[in-house]
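Report on the following structure.
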Amino acid sequence: SHCRFYKSLPPISKAYGTACLLFTVACQLGLYHPVDIALLYELVFSNFQVWRLITNFFFLGKFSINFGIRLLMIARYGVQLESGPFQRRTADFLWMMIFGALTLLALSAISFFRSPFLGISLVFMLLYVWSREFPSANINIYGLVTLKAFYLPWAMLGLDVIFGSPIMPDLLGIVAGHLYYFLTVLHPLATGKNFLKTPIWVHKLVMRWRIGAPTAPPAQLDNLGAAFRGRSYRVGGATAYPAQPDRGSGVATTNHVQPDNGSGVAFRGRSYRLGG
């Protein structure tokens, strides 16, 4: 059953979560030292160790409660995003991850925001985008507080403050997530123009590697572009997503989400859309 569950996970979230787990296991076994994969710009430019621009995203820290929570965040929020709002839009989800990574790399080049590992920030970006896509879901934190998902990133940031974890990675993730959401949702809603469409090479990459659900050819995708996806409707008891702008694929469809029956990350409770 565990194997079936693993196979049922959407491809990008599954690949990222698996890579993070493998990198941590390899580190615990002493196969490498974290410094070998850290984002050290001096070594990237002077010694051409370009792998550091990628590998730093796969280290969420050594085995700990925090590591478990971050991995579960990928399993819950990344999976819900990819199989919900991004259903059949694997290229768009992959582009969101790539854009987030590039944004974090740019921010980390500023000395004030410097961070040797950006994996936690990328996971927090997923959490932030999820909170904007499911703003009215009810989240129960440690059985003590119930709040709307819209406020969850800030609650998690507050918990990190209480538990003495550094908050800069969380803040960087929120900045990257908001920048993505602003450029793909808020700005297009206001102007009808999307400047952050998923590049054609990402669509080609997804088609070539046969990752996820097949999509229409990029040229056809552009022709189908619509600024909005229509209002949310109740269809056959499932909850439809509300109006969402075109995020690059432009396919004017309304996706349905099943109520979340999974266990929470450090909190429990079922997440439902309002009216669901």
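The backbone N, Cα and C atoms fix where each Cβ goes, and this holds for glycine too.
Residues annotated as transmembrane segment in TrEMBL: 12-33 (among others).
Annotation source TrEMBL lists transmembrane segment at 53-73 (among others). Using a Cβ-Cβ cut-off under 8 Å and counting only residues 6 or more beyond its ends in the same chain, the transmembrane segment (53-73) has close neighbours at 16-17, 19-24, 27-28, 34, 37-39, 44, 101, 105, 116-120, 122-124, 126-127, 165, 265-266.
Remote same-chain partners of the transmembrane segment (94-127), defined as residues 6 or more beyond its termini with a Cβ less than 8 Å from a stretch Cβ, comprise 12, 16, 20, 34, 38-41, 53, 56-61, 70, 73-74, 77-78, 81, 86, 152-153, 156, 168-170, 172-177, 179-180, 184, 196, 198-199, 202, 205-206, 211, 248. According to TrEMBL, the feature transmembrane segment maps to 94-127 (among others).
For 139-159 (among others), the entry in TrEMBL reads transmembrane segment.
Residues or ranges marked as transmembrane segment in TrEMBL: 171-190 (among others).
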